[in-house]
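Quick look at what Swiss-Prot annotates:
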{"type": "BINDING", "residues": "His80, Gly121, His122, Ser123, Gly153, Ala154, Asn181, Tyr288, Glu370", "note": "thiamine diphosphate binding site"}
{"type": "BINDING", "residues": "Asp152, Asn181", "note": "Mg(2+) binding site"}
Amino acid sequence: MSLDISQFPVLAQANTPNELRQLPQALLPQLADELREFLLKSVGMSSGHFASGLGTVELTVALHYVYNTPFDRLIWDVGHQAYPHKILTGRRDRMHTIRQKNGLHPFPWREESEYDTFSVGHSGTSISAALAMAVAAEKEQAGRKVVAVIGDGAMTGGMVFEAMNHAGDLHNDMLMVLNDNEMSISENVGALNNHLAQLMSGRLYTTIRESSKKVLKGMPVIKEMAKRTEEHLKGMVVPGTLFEELGFNYIGPIDGHDVDALVETLRNMRSLKGPQVLHIMTKKGRGYEPAEKDPIGWHAVPKFDPSQFKKPATKPGLPTFSQVFGKWLCDIAEQDEKVLGITPAMREGSGMVEFSQRFPKQYFDAAIAEQHAVTLGAGFACEGFKPVVAIYSTFLQRGYDQLIHDVALQRLPVLFAIDRGGIVGADGPTHQGAFDLSFMRCIPNMVIMAPSDENECRQMLYTGYCYDAGPSAVRYPRGSATGATQVEAMTALPIGKGVIKRLGKRIAMLNFGTTLAAALTAAESLDATVVDMRFVKPLDVDLVKEMAQTHDVLVTVEENAIMGGAGSGVLELLQKLKMPKPVLQIGLPDEFIKHGSPEEVTHDLQLDAEGMLAQINAFLAD
């Protein structure tokens, strides 16, 4: 159910950027207030990313007011902050469907709107894409402008600086808006700095600046002196030296919640030549007190009543696999001070809050820099430490070369705790953990484990901790554990050995991971054997051979891409053993998995017990 737009009289007049640009500038502050209120209520109805969008309301209004979108290109890095953008670009009446099956995409998505010029979800991609679009715009000579909006968190990734280094060299016209919500230099925000930014972006200043460069071109000594003088004067009030060194003209920081100042500064900057940086200061969660006080806790929210000023109480229930990992990490750190926990900026999501507080000297947040996080683990392993890299499946993709070159090639004992393996759900195709078993299985020296429940998860983590012949990975899903009885004593499992969970006839289901419960349910109707394979690599050769010899049909089950996954490993083994056998592979299809609740996606892909049974019966009927 959508909100009554009559309660938002100015927002009602701005369903598209064209309509927004028809409004008098005097109405923009009221529009921003109404947009923030609409965002607050709509996310309360639907769930979704919350605090980031509250902080970019004024910026979104100003950008669409000054720039001729979608002709001018606007790219949002990551996309958590883009809900106001969606509201102002014709999707207002569908905001209550965001992140839901067949609803609006959780991030900017090219297939959804012409205003979404680049599909996003992972951080640090915006500057590279914007640079390419800026080069294309220059070739077209149509007067197109290009803007990228990136947060200070994403600025910790190396790809951003690679792109900025290239942009500074090419010197195409583009604007990078740095949305800084960490308040690290808040003393520079205010009327004086807003005024300074408008002066520095104004035509008189830039004309004098560029003319002076031409005059001084033939006098390098004086030119260098003038440059240093300018940098010194600017450096007294602005922290832009790094950007200037990379070839960008730096403006700011200015108040990112002053829509009039943003409009005037953006108008000035729109005509500037070369790469530009506008540094704005914002507050994550702006306008909603609980989110302002706890922006991390309010980063993403379930459905809630904004009038209650609190999120709904979490119902007591089973721990999540992330919490199971976090507790294990604390338990093992109590015993071994050489255990080091590494995360690429996912402390909360990976269950490492308690570990970071209890063992601060053993905790390393590498920021949004997955390549660095993986090689950091490799370096620690070289020095005899026990590094544990906690990382989401989708983000391990970003450190793949380091996994091969820096870890596996050297047989370094780095343990990878891979969270969000398999179906993630509402965050959609950019975040589904669909590929990790496939891209890790082909790497020599890797040991890969897939626990079927939380107790097995603990034992496998301990197995990886004890394994010193090379890297190991334990891959587990998002969400609640299964309720298995936890065995406190930790025992290293025999490498490459599975266990039979149910003896049946004719059909043997070889299960990898937490799909075991559904496989057991399906097996009841089929009277099938069920094996908890435990290890994706190395496979239990003897057990696979036994199942092939004693059953007519094998079924592999995994929550990973079928192509190259665990089932492919079973087929490769059977071929090597010269044991031809009908094999049905159940897993994720060769497509990017759309957003929806995990239950909906699992059902649609026939990965629940009902779907498995249907797939097996259809296979047997052929």
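Backbone N, Cα and C define each Cβ position, glycine as well.
Feature map: Swiss-Prot annotations on the structure.
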residue: His80; record: thiamine diphosphate binding site; contacts (Cβ under 8 Å, 6+ apart): His49, Ser52, Gly53, Phe107, His299
residue: His122; record: thiamine diphosphate binding site; contacts (Cβ under 8 Å, 6+ apart): Val78, Thr394, Phe395, Arg398, Thr430
residue: Asn181; record: thiamine diphosphate binding site; contacts (Cβ under 8 Å, 6+ apart): Ser52, Gly55, Gly151, Asp152, Met281, Thr282, Lys283, Lys284, Pro295
residue: Glu370; record: thiamine diphosphate binding site; contacts (Cβ under 8 Å, 6+ apart): Pro344, Ile391, Phe395, Leu396, Arg398, Gly399, Gln402
Mind telling me which of the binding-site residues Asp152, Gly153 has the densest Cβ neighbourhood, counting other Cβ atoms within 10 Å? Gly153
According to DSSP, folded down to helix, strand and coil, what is Glu370 (thiamine diphosphate binding site)? helix
